[in-house]
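Novice: I have a structure here, written as structure tokens, and I will follow up with some questions on it.
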Amino acid sequence: MRFVIVTGLSGAGKTQAIRSLEDLGYFCIDNLPPALIPKFAQVCYESESKINKIALVIDIRGGEFFDNLFESLKYLKEAGYKYEILFLDADNEVLIKRFKESRRKHPLAPNGRILNGIQMERKKLKTLYNMANNVIDTSKLATRELREKINSIYQEEGQIESKLIVTVVSFGFKYGIPVDSDLVFDVRFLPNPFYIPELKRFSGIEKPVKDYVMSFDQTKEFVNKIEQLLKFLIPNYLKEGKRQLIVSIGCTGGRHRSVTIANEIYERLKNDGETVNIDHRDIEEDINKGGKKL
């Protein structure tokens with residue numbers, strides 16, 4: 001069992017830290033009242049659940065409940081429950097800038113100067129800072145760099161970092177672009193099987209339409225270019241912390257060309273070892289006469 005208490009100054013990056021730990025497979029709870037830590041630890045250590053990595057964010061947002069933290073930590077030690085503390089810190093000037101940019105009030109100085117709140121918080125957290133197993137100063141760290149530091153400390157040996165989950169969506173422009181799209185490609189420049197009587201009734205999944213759409217040189221070149229682009233983008237998105245990518249392929253009605261192209265891209269990514277899903281959003285819409293969709 002690895003039991004991590006994440007704490008530190010407001011604005012120092014605890015939210016990003018807990019997200020990074022979650023990506024590493026930690027069961028995470030934000031702002032748990034310190035008085036509940038002993039009972040929670042007991043349940044985790046003594047249960048037969050498969051949860052073996054826990055991360056709790058504990059900070060001064062708990063108000064007067066925060067004062068129970070040291071008593072709870074003492075209980076953990078006496079009970080033999082191992083824990084470690086990760087403390088997030090940053091320079092006063094950086095914290096002030098972050099608060100001003102986010103337009104948030106400091107929890108210890110809601111009606112006063114941000115600096116006063118930071119100074120009060122430092123004093124309140126001094127003992128916890130000295131107890132910390134790991135201290136990360138985020139003053140000069142970008143989000144990606146903080147995640148890399150978290151990974152270097154808490155990623156288990158041999159653990160593979162989370163992969164990017166790619167979802168390829170085919171759609172029809174007449175029903176609207178999927179609102180969660182990251183990348184949108186328009187394949188209406190390709191010859192349309194809809195206007196060929198013997199192909200109209202088939203979808204892009206079926207062989208007659210697929211063979212027709214893929215028979216053109218521009219189709220093959222387009223798919224090759226999309227595959228090359230995604231091979232370049234996926235590792236770079238991962239470096240920046242992105243975990244999901246929605247690639248939307250659109251034609252007029254979402255039944256023929258976009259379906260064939262989406263399937264082709266899906267198969268290529270799968271063969272490349274990517275984690276990939278496929279969704280033909282509008283494949284039945286011309287039949288069902290649906291309206292605009294999300």
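Numbering starts at 1 and runs along the chain as it is shown here.
Glycine is no exception: its Cβ is also placed from the backbone N, Cα and C atoms.
So Swiss-Prot lists the following for this protein:
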- Gly8, Leu9, Ser10, Gly11, Ala12, Gly13, Lys14, Thr15: ATP binding site (BINDING)
- Asp59, Ile60, Arg61, Gly62: GTP binding site (BINDING)
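Looking at the shown structure, what environment does each listed feature sit in?
Specialist: DSSP assigns Gly11 (ATP binding site) to coil, not to a helix or a strand.
Around Ile60 (GTP binding site), the same-chain residues six or more apart in sequence whose CB sits under 8 Å from its CB are Ser10, Phe66, Pro107, Leu108, Glu121, Lys124, Leu125, listed in sequence order.
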Novice: Can you tell which of Ser10, Thr15 has the least company, meaning the fewest other C-beta atoms within 10 angstroms of its C-beta, among these binding-site residues?
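Specialist: Selected from the binding-site residues Ser10, Thr15 on minimum Cβ neighbours within 10 Å: Thr15.
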Novice: Please list, in sequence order, every residue of the chain apart from Gly8, Leu9, Ser10, Gly11, Ala12, Gly13, Lys14, Thr15 whose Cβ lies within 8 Å of the Cβ centroid of the ATP site.
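Specialist: Neighbours found: Asp59, Leu88, Ala90, Leu95, Thr138.
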Novice: Tell me, how many other CB atoms lie within 10 A of the CB of Leu9 (ATP binding site), whichever protein chain they belong to?
Specialist: 26
Novice: List nothing but the one residue from Lys14, Arg61 whose Cβ has the fewest other Cβ atoms within 10 Å; the candidates are the binding-site residues.
Specialist: Arg61
